[in-house]
Amino acid sequence: MDESYKNRTSLVKGAKDIAKEAKRHAAKKVSKVVNRAADEYSSQRNYSQFQNEDDDDDDGRYAYTQPDGNDGLTAKDEDEEDYASDATEGHDDEDEIYEGEYQGVPADGKPRDGHDSLGQLVSDSMRDRKDLEQERQADEEELAQQYELIMQECGHGRFQWQLFFVLGMALMSDGVEVFVVGFVLPSAELDMCVPNSGAGWLGSIVYLGMMMGAFFWGGLSDKVGRKQCLLIAMSVNGFFSFLSSFVQGYGMFLFCRMLSGFGIGGAVPIVFPYFAEFLAREKRGEHLSWLCMFWMIGGIYASAMAWLIIPHYGWSFSMGSAYQFHSWRVFVVVCALPCVCAVVALTFIPESPRFFLEMGKHDEAWMVLKQIHDTNMRARGEPEKVFTVNRIKLPKHLDELVEMQSDSANPVAKVLFRIRTELRGIWLTFMKCFNYPVRDNTIKLAIVWFTLSFGYYGLSVWFPDVIHHLQSDEYASRVQTHNNERIEDFTFNFTLENQIHTNGVFVNDRFISMKLKSVTFIDSTFQNCYFDDVSTVGSLFKNCSFVEAFFYNTDIDDSKLVGSRVINSSFHHNKTGCQMTFDDDYSAYWVYFVNFLGTLAVLPGNIVSALLMDKIGRLSMLGGSMVLSGISCFFLWFGTSESMMIFMLCLYNGLSISAWNSLDVVTAELYPTDRRGTGFGFCNAMCKLAAVMGNLIFGSLVGITKAIPILLASTVLVGGGLVGLRLPDTRGNVLM
């Protein structure tokens, strides 16, 4: 009996000791919260608040242990602990506890948080994943606030401007790639003798490659890093861009341009999140808008190079009749130079410190932040200024089951396994973009990206085609017609252009070193005529008769002899391939000049959006720009001349650029760091999908009707602008 009584007394004392200890720790936590709030008001930049808040933190990330094993307890703490233990020897009604509470079971019968029904602590692997995610969310919010203060201490200066120009070169390459497609398309299809059934595939295949690349590289940047992904993506683009300029077959050319598009597709989804993570909140909107100017510079560069290079047919060489390197191939090589410059410059810039912190790499992030601080302070003439941050909060990492590959597997199996693992990781991160609370934002952003791209790229195709259609009508109105003519013993050694010859008779005539441009012979007879070194562009012989004619080194073949009869005639050393000529080609110069003006017209919009982005807000600029762009489409009803259409093109581009800039900023700021690249990549993939659809739909309506393109573009732009106004305002947000 005495023994059981002693055991029960010891049990009660132990329970009281635990109760006292729990109260002491609770009071200690409350006092720390109060001190933390006081510190926030007493110091402008206080980083200690983000360090260890709980001495009993069991995650081991910042635990500090004294050499003697006392876990860093001071003498005062030990005295308090002894005093609390002594106090349990007496009986106090206030300290009465339910007997089962010693085992962790409260009086109401429900287990406490972090304990099972027997009072045992539950490990992290057994706890509800939702609780762990809430802890991680709290860590992310705390890290976001601290990171903002750190970026303010690092300042904005030389480092950000260096990064600005390096990433600008990458963004410039994306703008060049988009314009290269339109400029090269007519020349490449003509040079490679592409039939009408294969025409237009080049534009679509490049955008499809960019769509896949945007999704892949954007998602991968959240896994392996911004810098590494951007470097690989730009290298892929540069390599296949150069290769495409040398291949001869149209199929191989399409394949190279698709892979080139796949590489450059990673530029936009990585560049904007990458640069945003080096900027403080008050600088982010303005400088991301300035960065958008490089896309415009890329368009201007491509237009100027096309204007200077492509029409010059003499800028070419050939190796026999099988290999020909025309001027448009020189243009492709020149347009790959910005990408090469970007790849070289990217090797000298560091990885995003925000990404390092997200991956739990504290020391690497600290080194990059110190580099930013020291670079900017030296540029300001304050090299003695010390970087005061010594500890940065890291978010709690959730344990995930990872399938491991055997070390004995062959290299091919390892590579395939790594690819499958990365793709699975990208997909899982993409699915997180549709989790609360970013799900609604993802859907709205996808709608805005799709509608803005559909209207922009659709009209970008429709405008030049309409201008070309007007030019063709004017060119056809100036055609010269010759009927029932008879020419004998005459030598043609000059260019014939824009003519129609009907029921003509040519006897003993010589066609030597000449060109036929848009010339059609109908029901004509060529008797005993000699053709030597004759090139034709857009010329046909319909229902004609060739009697005892001799052809040497010409490109006249069955495709140009439509319904014609060839009697006792011979062909020798015919030219192979499709013949190209841009000599004095006014229309070629005009197309490049129009695109140059349209791209240059966005400069005022770029400047305005950069200066006002943080003043009037992202959403107001996004919605207002899209609505105004949609309204401006109605003025296309009055576009009955080339000059009027060019003016409307410049107006539309100038109004829509503000929407593009604000959309880039909003997308970079809405997503948390662990899925920022993935979300941006998905939105940009929707952009490229809309570009393909816009090219196909608007391109099919050229010369048919104006009503459908105008109403379609206006509707999608205004609708997308209204959806954009429903997005949350990110002007005052820190990067989560």
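The backbone N, Cα and C atoms fix where each Cβ goes, glycine too.
According to TrEMBL, the protein carries these features:
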COMPBIAS  22-31  compositional bias 'Basic residues'
COMPBIAS  41-51  compositional bias 'Polar residues'
COMPBIAS  125-137  compositional bias 'Basic and acidic residues'
DOMAIN    163-731  domain 'Major facilitator superfamily (MFS) profile'
REGION    1-139  region 'Disordered'
TRANSMEM  163-186  transmembrane segment
TRANSMEM  198-217  transmembrane segment
TRANSMEM  229-246  transmembrane segment
TRANSMEM  252-276  transmembrane segment
TRANSMEM  288-310  transmembrane segment
TRANSMEM  330-349  transmembrane segment
TRANSMEM  445-463  transmembrane segment
TRANSMEM  589-612  transmembrane segment
TRANSMEM  619-638  transmembrane segment
TRANSMEM  644-666  transmembrane segment
TRANSMEM  678-701  transmembrane segment
TRANSMEM  707-727  transmembrane segment
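If you look at the transmembrane segment (252-276), the same-chain residues 6 or more away from its ends with a CB under 8 A from one of its CBs are 163-164, 167, 170-171, 173-174, 177, 181, 188, 192, 201-202, 205-218, 221, 226-227, 229-230, 233-241, 243-244, 284, 287-288, 291, 339, 352, 664-665, 667-669, 671, 676-677, 680-681, 683-685, 688, 735. In this chain, the transmembrane segment (288-310) touches the transmembrane segment (589-612); three or more CB pairs sit within less than 8 A of each other, excluding pairs fewer than 6 residues apart.
As a whole-number mean, the pLDDT of the domain 'Major facilitator superfamily (MFS) profile' (163-731) in this prediction is 83.
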